[in-house]
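Database features, via TrEMBL:
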type     : residues : note
TRANSMEM : 40-61    : transmembrane segment
TRANSMEM : 127-149  : transmembrane segment
TRANSMEM : 155-175  : transmembrane segment
TRANSMEM : 251-272  : transmembrane segment
TRANSMEM : 292-309  : transmembrane segment
TRANSMEM : 330-350  : transmembrane segment
TRANSMEM : 382-401  : transmembrane segment
TRANSMEM : 413-437  : transmembrane segment
TRANSMEM : 457-476  : transmembrane segment
Amino acid sequence: MDSSHLLPFTSAPSPSADAALVGVVDHRGFPAFRSSSGRWTAALFIIAFQGLGLLTLSSILPSLRPPMCSINVGKACIPNHFQAGCFYFALYLVALAQAGHKPCAQAFGADQFDGKDPEESISRSSFFNLSYCSLCIGSTATIIILTYVQDNISWPLGFGISFVSMGLALIMFLFGTKSYRFYQLESESPFLRIGKSLVVLVKSQILSSHALRGSRTPTYDERAGLDGDKFVNDEAADAIQLEEAKGVLQLVPLWAISLIYAVIFAQSSTFFIKQGSTLDCRIGSSFQVPPAALQSFISISIVAFIPIYDQILVPVSRKISRIPTGITQLQRIGIGMILSIISMGIAALVEVKRLKTAKKYGLIEQPNTMIPMSLWWLVPQYILYGITEVFMIIGLQEFFYVQVPNALRSLGLALFMSIFGIGSFISSFLIAVINEATSKSGESWFSDNLNRAHLDYFYWLLAALGTGGLIMYLYFARSYVYKKKQDVAM
């Protein structure tokens, strides 16, 4: 559901609880009142809806799955074209649903808080924290519970749990309908509006260049003489569109720099797990921890740190900076970038330790033999990854929601999500290039034998790229002009 332009408020800076919100209606189309709509009453329903997944039925219906067979028979369990088509259709349907659901649900949830009201503005910042916390709780439950159910009991049962959970979440979402605030849509398409804004910016630059070359342009009186009212209206509209275009273009370099973090972010679900697969994964004498389960430490650290950030760090920093949210959005992102560089440094040092241990025990040529080094050596980098996400990812979410034109808030959050999609592609491309280059000169950094590979070199490279990205980020962030006036600029 798209969020749209909020018309200017005519009330005082601290409106009363019974004031009607201009440009905002309830589910019946009547004016929405501050005391009976929006805020946490509505946002909590949306958070619950946001934290759950979707089900594909291809593992339940016999006609949609390949025949049962045993790996000991030596016969491949190959699905027919129809079954494979249904399976991939389900996967793409989930991806399509996520692409529409994630940015719109977050934008709709944030729309329940009035950015012009001081108290609700602070609550909106907390909403992004709590929203991401709920997603992490859902992902942690998935890693710990559903993976066990699917691997040890039944895939259909695992998908069935997701299906029931999604149904309950949808019911809860609908229960909140009477408390939601809906922003009235403009008649003009948001995409058309931003296109016009860019055209106005280009025209402005052309006129400025003509003026610098001494070309004569029509004077105000000459243009106004044609149609005074139309000219005044056009001038006002052009000024608004010009500011919108400049605001959107300001986001481009910051979006591009954030791709470096996305490359770093991608490593926790790839090489970190490969590292863990070579280590001692035992707890006690018999229980084996799946290396992939260590990813739950990211979510656990996020869930643990968000209350600390929201209830301790923000109030303390608010007293120092006099900013309602404690620190600006750009400062929060910058701290996240610094932490991501540190996390890569820690990962590189742990990998150096792992390689030295393998060499010490003569395991360099035995990639399938467990290295006598505990899996828990990887936990610090996972925990720091989680703390980094609290600053970086939530900061980016709020930044792209607030700084885009009001009619494009859902698009702004989609732009935020594109950082990680494109970042994953860049990570894959970077690995392919490095693998090709290092293979020609000797052992690849990403050799199948991790004991001969050099993931530590790759992690140091990412730390260096992150440092370069941080320097560029500070340059653009210091000159960034916020769409809404802030007490302190970075």
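Just so you know, the numbers here start at 1 and follow the chain as drawn.
Note that Cβ sites are derived from N, Cα and C of the backbone, with glycine treated the same way.
Relative to the transmembrane segment (127-149), the listed stretch 292-309 leads the set 155-175, 251-272, 292-309, 413-437 in CB pairs under 8 A.
Of the candidate ranges 251-272, 292-309, 330-350, 382-401, 457-476, 251-272 has the most C-beta pairs within less than 8 angstroms of the transmembrane segment (413-437).
Scored on C-beta pairs under 8 angstroms, the neighbour of the transmembrane segment (330-350) with the top count among 155-175, 251-272, 292-309, 382-401 is 382-401. Segment contact is absent for the transmembrane segment (251-272) and the transmembrane segment (155-175), given fewer than three CB pairs below 8 angstroms at sequence separation of 6 or more.
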